[in-house]
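Feature annotations, reproduced from TrEMBL:
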{"type": "DOMAIN", "residues": "B:28-559", "note": "domain 'Cytochrome oxidase subunit I profile'"}
{"type": "TRANSMEM", "residues": "B:40-62", "note": "transmembrane segment"}
{"type": "TRANSMEM", "residues": "B:82-110", "note": "transmembrane segment"}
{"type": "TRANSMEM", "residues": "B:122-145", "note": "transmembrane segment"}
{"type": "TRANSMEM", "residues": "B:171-192", "note": "transmembrane segment"}
{"type": "TRANSMEM", "residues": "B:213-241", "note": "transmembrane segment"}
{"type": "TRANSMEM", "residues": "B:274-295", "note": "transmembrane segment"}
{"type": "TRANSMEM", "residues": "B:307-328", "note": "transmembrane segment"}
{"type": "TRANSMEM", "residues": "B:340-357", "note": "transmembrane segment"}
{"type": "TRANSMEM", "residues": "B:378-402", "note": "transmembrane segment"}
{"type": "TRANSMEM", "residues": "B:414-436", "note": "transmembrane segment"}
{"type": "TRANSMEM", "residues": "B:448-475", "note": "transmembrane segment"}
{"type": "TRANSMEM", "residues": "B:495-519", "note": "transmembrane segment"}
Amino acid sequence: MNELAPTTPNAKIANAKIAPATGWRGTVADWSSDQRAFRTVSWGKAMMWVFLLSDTFVFSCFLIAYMTARMSTTVPWPMPSEVFALEVSGHHFPLLLIAIMTFVLISSSGTMAMAVNFGYRRDRRKTAALMLATALLGAAFVGMQAFEWTKLISEGVRPWGNPWGAEQFGASFFMITGFHGTHVTIGVIFLLIIARKVWRGDFDGGRRGFFTSRKGNYEIVEITGLYWHFVDLVWVFIFALFYLW
Amino acid sequence: MTDVTHGTLEPLSAGGIDDVELYHPKSWITKYVFSQDAKVIAIQYALTALAIGLVALVLSWLMRMQIAFPGLLSFIDAERYYQFITMHGMIMVIYLLTALFLGGFGNYLIPLMLGARDMVFPYVNMLSFWIYFLAVLVLAGGFFVPGGPTGAGWTLYPPQAILANTPGQQWGIIVLLVSLMLFIIGFTMGGLNYVVTVLQGRCRGMTLMRMPLTIWGIFTATIMALLAFPALFVGAVMMLLDRLIGTSFFMPAIVAMGEQLGHKGGSPILFQHLFWFFGHPEVYIVALPAFGIVSDLISTHARKNIFGYRMMVWALVAIGALSFVVWAHHMYVSGMHPSFGFFFATTTLIIAIPTAIKVYNWVLTLWRGDIHFTPPMLFALGFIVTFVNGGLTGLFLGNVVVDVPLSDTMFVVAHFHMVMGVAPILVVFGAIYHWYPKITGRMLDDALARLHFWVTFLGAYLIFFPMHYIGLMGVPRRYHEMGEMAFVPPSTATLNAFITIVALIVGAAQLVFVFNLAWSLRKGRPAGGNPWRATTLEWQTPQTPPAHGNWGQTLPVVYRWAYDYSVPGAAQDFLPQNQPPDPGTA
Ligand code: HEM
Ligand SMILES: [Cu+2]
């Protein structure tokens, strides 16, 4: 049995000198070919895509449920731009914190994309550093979220009620941002683990993973990136549907 | 476009993709307990599912005893009865059938039928089983917590699911919701594996349109599960929050026992939408693998190619897609907007078209086939009849005006037991009789198998056929005791006693099956590699039972579709998928 790790099809396909068709013809050719429905996609990446599809349904259900609650409640819904306003040196800024959080998270998508790029150039140090930066931005996001939670809780917002209106406001807020925050936290942990592996040179030396005894490679950086971009994208929807509505 | 299903084409890819590296277990524990081999995981899934399924079977006996002879078993009070109903329904649908078809048959058959060595991520696959196992333990734990398991009905409708005075309100409902969430997480890990293995892990020559229909069924069902379970997950999270920290997602303002509860403004209907957005696809998550398996059983045991392979594939996909837009046919009496009823009745009836195509194609496959009445064939035939039966009553129930009076009667219970209880279970049995020789290397005893079939098949009809009538007479479902109700004629009581006696016999007859499984493991006739002379790859493995890695040194190469039976001029009456084209036979 040969020693190639299963997650490196790209190189192998390049070796096989198949000129891939493009556009619709390419899609049809891919789907009617043997072995793989997506010629250039590795197992790991395919799995992440399918997982994200499933996770999209989870977030959609959360958001649709929240919108249903918001539309059907007979009690007024608290004004997000007021609730999420900050007083900075006497000035009143609606949605200030959320704007910063969003900015931070979107920036982290940028550093992540750069990490992926350097990963494919096998630039160990830059990749690890950029992943670390991404993780720090992610952690900063979670930190600001914690601050926001604390602020709301101190103002009397609870999952079962709040001073300004419909109970479902607090419930949806804590549930949805909590669930998204958990995703970000998991992403940060993964980023740190992978960054450490990259830094240590695991993917250059073909070191075997702990549980599976399979060899990893730099593609895992891109797969982590997929997850990270997804989490960012979901935030954009939460931002639009929860805060801007 | 050339027809790729029938030709004996060369493998398509010029270069081919290299063989994968396998994980090799180092100790007994990693080989049989924390195993990463899909075949072992499959057996673990199947045995766990059957074990918890046995609990559900016993619960059904107890319920039947109470329905037929109220008060005879004095420990079945109203609370217990509701707990039994709930656990029976939940276990049968999710922990038995879903786990068995996807975790059990999926794990065993996907790598073997596709010529792969294993699932793409064996480690994740192993985690999937152990999380499922944990979910089952937590579920079973519900029987031992104070107050017992929840009695909210398997649909878990709020508000009653979390109101005081519903049995299991203290702990049972929490335990069940946690167990469901675990199940979904575990299933997702396995499901991702199944999907990616089918999409990206096939052997050379195995195109999607050469896959056996079993794989198509499991594949479509898995995708559906990955998209439908999220709704249940979200529903479970929200209900858990309602129950534990007093949010009001599903709880409207309620006065209970003269007291105003803390909740207000929630929507119980929202839960019903979430639940049935999962619940209806769930019916097909159980049915589609059964459809696929039956197609293969029929083709193999009637020695005839499947009729309309492409149509069968597209029908599976169409049913899968349509089943996401019919969910509210379970909610005609929920108080939702009446015009929704019109929409959902229409979509529901449209699903009958691809389903009917499948039934016609099965029958046309049998038409003038060389039918061998082997146990798998008997069960497959039993499935077709039963499924048509349940499908027809489904057409009635799909119409709003018919459903409204029948809703929540025994007619509904009879309908769904026919279509998603008995029919898939018959396929489970047929499939076990079919693949047991590959799994163990020995045949199951034929006479016992036939006995098992006839008792189960006829028994199921004796149980559920009269139940339709009882339902038409107006007997409601989920009633602990009927008491004196003028509109229910006394004859239903006699009929109920009859049903219960048959149910006890049928249940006991399953011991024949269990005995057969155990006995044949050692004493059964050696099966050889391919006892049914089948074409699909799992019958062409170098060893039986297949060893770790399935294929020895070299992976198989596929040259044809899975249904070359009774080929004119061929040396045998079938051509395995991996048999190269031979100038003499083509
Ligand atoms: C041994 C054969 C079986 C018997 C005798 C049986 C009997 C029953 C009975 C008596 C009820 C309660 C009816 C009521 O009062 O509302 C019930 C409910 C139910 N059964 Fe079965 N059952 C059997 C197999 C199955 C199977 C294989 C499934 C798998 C789909 C299943 C799924 C359900 C469901 C979903 C419910 C509804 C539970 C609820 O109302 O919450 N049953 N069954
Ligand atoms: Cu349905």
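The count begins at 1 with the first shown residue.
Backbone N, Cα and C atoms are what each Cβ position is placed from, and that goes for glycine too.
Panel annotation: around the transmembrane segment (B:40-62), residues 31-32, 73, 76, 84, 87-88, 91-92, 95-97, 99-100, 103-108, 125-126, 128-129, 132-133, 136, 139-140, 439, 503-504, 507, 510 of the same chain, lying at least six beyond its termini, place a Cβ under 8 Å from a Cβ of the stretch. At the 8 Å Cβ threshold, with sequence separation of at least 6, the transmembrane segment (B:307-328) lacks contact with the transmembrane segment (B:171-192), having fewer than 3 such pairs. Against the transmembrane segment (B:414-436), stretch B:378-402 has more CB pairs under 8 A than any other of B:171-192, B:274-295, B:378-402, B:448-475. Sequence-distant residue pairs (6 or more apart) of the transmembrane segment (B:274-295) and the transmembrane segment (B:378-402) include at least 3 whose Cβ atoms are under 8 Å, placing the two stretches in contact.
Below 8 angstroms of C-beta separation, residues 308, 311-312, 314-316, 318-319, 322-323, 325-329, 331-332, 391, 394-395, 398-400 of the same chain, each at least six residues beyond the ends of the transmembrane segment (B:340-357), sit close to that stretch. The list of residues near the transmembrane segment (B:171-192) in space but at least 6 beyond its ends in sequence, with Cβ under 8 angstroms from a Cβ of it, reads 83, 86, 90, 94-95, 98-99, 102-103, 106-107, 121, 124-125, 127-132, 134-136, 138-139, 141-142, 145-152, 156, 161-162, 222, 225-226, 229-230, 232-233, 236-237, 239-240, 243-244. Contact counts against the transmembrane segment (B:82-110), taken as Cβ pairs under 8 Å, peak for B:213-241 among the stretches B:213-241, B:378-402, B:448-475, B:495-519. Long-range contacts of the transmembrane segment (B:378-402) within its own chain (CB-CB distance under 8 A, at least 6 residues past either end) are made by residues 287, 290, 294, 297-298, 301, 329, 332, 338, 341-342, 345, 348-349, 352, 355, 359, 362-363, 411-412, 414-420, 422-424, 426-427, 429-430, 433, 450, 453, 456-457, 460-461, 468.
Sequence-remote contacts of a segment are chain residues at least 6 beyond its ends whose Cβ falls under 8 Å from one of its Cβ atoms, and for the transmembrane segment (B:448-475) they are 375, 378-379, 382, 386, 393, 406, 409-415, 417-418, 421-422, 426, 429, 433, 482, 487-489, 492, 495-496, 498-499, 502-503, 505-506, 509-510, 512-513, 515-516.
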